[in-house]
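Reviewing the structure listed below.
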C-alpha cells in the first residue's frame with residue numbers, strides 16, 4: 001500500500017514534469033516565431049516608410065523640374081518682364097515650387113526624424129502655410145487682370161502696370177502670412193513659453209492642436225475660399241457678358257473666359273487640400289488601420305498633383321510661353337549635339 005502510494009505520487013510528479021517540459025518546449029518553439037514576426041512587421045514599416053518617402057521626393061522633383069522649365073523660360077526672355085499677366089503667372093509657379101519643396105521636406109522629416117525643435121518646425125510651417133494661401137490669392141489676381149484686359153481695355157495699361165503688379169504680389173504675401181502669425185500668437189498665449197524649447201513631430205496638427213487653432217483655421221479657410229470664389233465668379237460673368245457684345249473682340253473675350261474657367265479649376269484643385277483633414281477623420285473611424293495610407297494618397301492628390309497640373313494647364317495653352325520654351329530647348333539640344341560632334 002505504501003509502495004503503491006509512493007509510486008502514484010512519483011508518477012504524478014513525473015507527469016507534471018513532462019507537462020512542464022512540453023510547455024517549455026512549446027514556448028521555446030513559439031518564442032522565435034513571435035520574434036521573427038515582430039522583425040517582419042518592423043521591416044514592413046521601414047519598407048513602407050521608405051516607399052512613401054521615395055515616392056514623395058520623386059514626385060516633388062518631377063513637379064519642380066516641370067515648373068522650373070517655365071521659370072527658366074521667363075527669366076531668359078525679357079519679353080515677359082513688362083507683362084503683368086506673365087509676372088503673376090510666374091509668381092504662382094515659383095510659389096508652388098516653394099510649397100512643394102517645404103511640404104515634401106516636412107513629409108520626409110516626419111518619417112526620418114520624429115523629434116524636431118519647435119522653432120525650426122514653426123519656421124517651416126510658416127513658409128509652407130503662407131505659400132499654400134498664396135495660390136488662390138494669385139489666381140484671383142490673375143482673374144482680375146483678365147477682367148480688366150477684356151472689359152476695360154483702354155485702361156488696362158494704366159491700371160495693370162509692372163509696379164502695381166509687384167505691389168499686388170507683396171500684398172498677397174502679406175495677406176497670406178496673417179493666419180500663420182495668428183496661429184503663432186495663439187500658441188504663445190495658450191501654451192507656456194517653455195514650449196518653444198521642446199521637440200516633437202513637425203506637423204501643423206501636432207503643433208497647433210488647441211481648439212482655438214481649429215476654430216481659427218475654419219474661419220480663415222472659409223473667408224479666403226469664399227472671397228476668391230466671389231472674385232472668380234464675378235470676373236467670369238463679366239467676361240461672359242463682354243464676349244456676347246458685338247463691339248468687343250470675341251476671340252480674345254472667349255480666350256479670357258476659358259482662362260478664368262481654368263482658374264476656377266485650379267482653385268478647385270488647390271482648395272481640395274483643405275478637405276483632407278475631414279477625409280482623414282472620416283476614414284480614421286471607418287478604416288483605422290489604413291489611416292496612414294489614406295492620408296498619404298490624399299496628400300499626393302490634393303497637394304502635389306495640383307501643383308503639377310496648374311502651371312501646365314495655363315502655360316501649355318499660352319503660345320508665347322510654348323514658343324520661347326521650344327526655342328530654348330531646341331538651342332540647348334543643338335549645342336549639345338554640336339559639342340558632341342566636335343569631340
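Cβ coordinates are placed from backbone N, Cα and C, and glycine is handled just like the others.
Annotated by TrEMBL as transmembrane segment, the relevant range among 222-241, 322-341 is 222-241.
Per TrEMBL, the range carrying the annotation transmembrane segment out of 54-75, 120-141, 142-163 is 54-75. Here the transmembrane segment (87-108) touches the transmembrane segment (296-316). Their Cβ atoms form 3 or more pairs under 8 Å, with each pair 6 or more residues apart. Same-chain neighbours of the transmembrane segment (54-75): 86, 90, 93-94, 96-97, 100-101, 103-104, 107-108, 299-300, 304, 307-308, 311-312, 315, 321, 324-325, 328, counting only residues six or more beyond its ends whose CB sits under 8 Å from a CB of the stretch.
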